[in-house]
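Please read the structure below before turning to the comments.
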Amino acid sequence: MSTSKQKEIAAALGVKRIETTEELKQTICLRISWIMNRLLVSGCKTLVLGISGGVDSTCAGRLCQEAIDELNGQGQGGYKFIAVRLPYRTQLDEEDAQAALRFIKPSEVQVVNIGPAVQAIAGETLALEGLTPEARDFVLGNTKARMRMVAQYNIANATNGLVVGTDHASEAVMGFFTKFGDGACDIAPLSGLTKEQVRNIASYLGAPGQLVHKTPTADLEDLVPGKPDVLAFGCGYEEIENYLLGDSVDDRVAELIEAQYAKTQHKRELPYAP
């Protein structure tokens with residue numbers, strides 16, 4: 001039985017059950033139409049999204065490309081989806097990123113290696129001096145996420161585009177994104193979906209199984225490369241999904257999720273003002 005707090009949080013994040021294939025198809029169609037409409041209303045001509053090789057960007061990227069194809073097919077013309085590779089130096093799972101690009105079939109691919117920019121900022125930031133290696137690594141992990149967003153907005157500004165985010169409810173409830181980093185975007189087509197729903201959409205669209213079932217990782221820390229999200233959360237995506245859908249979860253898990261939701265509320269709000 002779900003608690004009032006579960007219902008409150010799920011409602012705030014817009015979470016709904018998707019129980020049948022027909023409902024899944026409707027969800028996909030509605031989100032593609034929504035992307036098309038946001039682009040038309042904005043007056044922009046491109047969508048810009050970083051592709052990492054994970055299921056979230058793979059799913060969002062394919063939805064964007066389908067929206068672009070539909071717009072161009074309607075005779076609108078001139079619209080494109082720009083997929084951006086944003087490696088930090090050398091990406092260990094580069095083949096997954098390339099597999100994602102082959103699946104998405106973006107209008108255009110651009111590559112921006114953020115390594116030099118991150119190191120340049122680190123070298124000029126005196127506040128990093130004296131930090132433990134772990135603390136410094138954490139700060140630079142957030143710097144990587146913010147530098148990726150800087151690169152995407154540069155491309156969007158240069159091409160009259162909108163930046164696309166990959167945030168979904170399972171990450172949002174935990175505040176598992178970098179403020180003004182991967183949390184910054186113009187449109188968020190996966191909003192309100194759970195991680196499993198994102199996987200199901202990606203699978204339905206034909207994404208390779210290796211990407212759909214890949215172990216999720218933000219992969220921002222040099223000292224712990226490929227660190228699974230579950231280690232950062234303290235619980236698994238399945239438990240988060242059960243919580244968001246109103247199913248019974250262990251008291252420890254519920255308390256952990258609710259505490260993290262409260263702690264990271266500032267990430268889901270506009271800057272505070274008097």
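Please read every residue number as a count from 1 along the shown chain.
Note that Cβ sites are derived from N, Cα and C of the backbone, with glycine treated the same way.
If you average pLDDT over the domain 'NAD/GMP synthase' (33-271) in this model, you get 96. Taken from TrEMBL, the feature domain 'NAD/GMP synthase' applies to 33-271.
Residues or ranges marked as ATP binding site by TrEMBL: G50, I51, S52, G53, G54, V55, D56, S57, T166, K195, T217. Under a cutoff of 8 A between CB atoms, and with a sequence separation of 6+ in the same chain, the neighbours of D56 (ATP binding site) are T166, H168, L190, V198, P216.
Look at TrEMBL and you will find D56, E171 tagged as Mg(2+) binding site. Around E171 (Mg(2+) binding site), a 10 Å sphere centred on its CB holds 24 further CB atoms from the protein chains shown.
Taken from TrEMBL, the feature deamido-NAD(+) binding site applies to R146, K179, D186, H266, K267. Spatially close to H266 (deamido-NAD(+) binding site) yet at least six residues away along the chain are K179, Y272, judged by Cβ distances under 8 angstroms. H266 (deamido-NAD(+) binding site) falls within a helix when secondary structure is assigned with DSSP.
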Task: Packing count at T217 (ATP binding site) (other Cβ atoms within 10 Å of its Cβ) - done: 19
TODO: Using only the Cα atoms of R146, K179, D186, H266, K267, which the record gives as binding deamido-NAD(+), return the largest interatomic distance in Å, rounded to a whole number.
DONE: 18
- [ ] Check the Cα-Cα distances from E171 (Mg(2+) binding site) to the binding-site residues G54, D186, K267 and tell me which is shortest.
- [x] K267
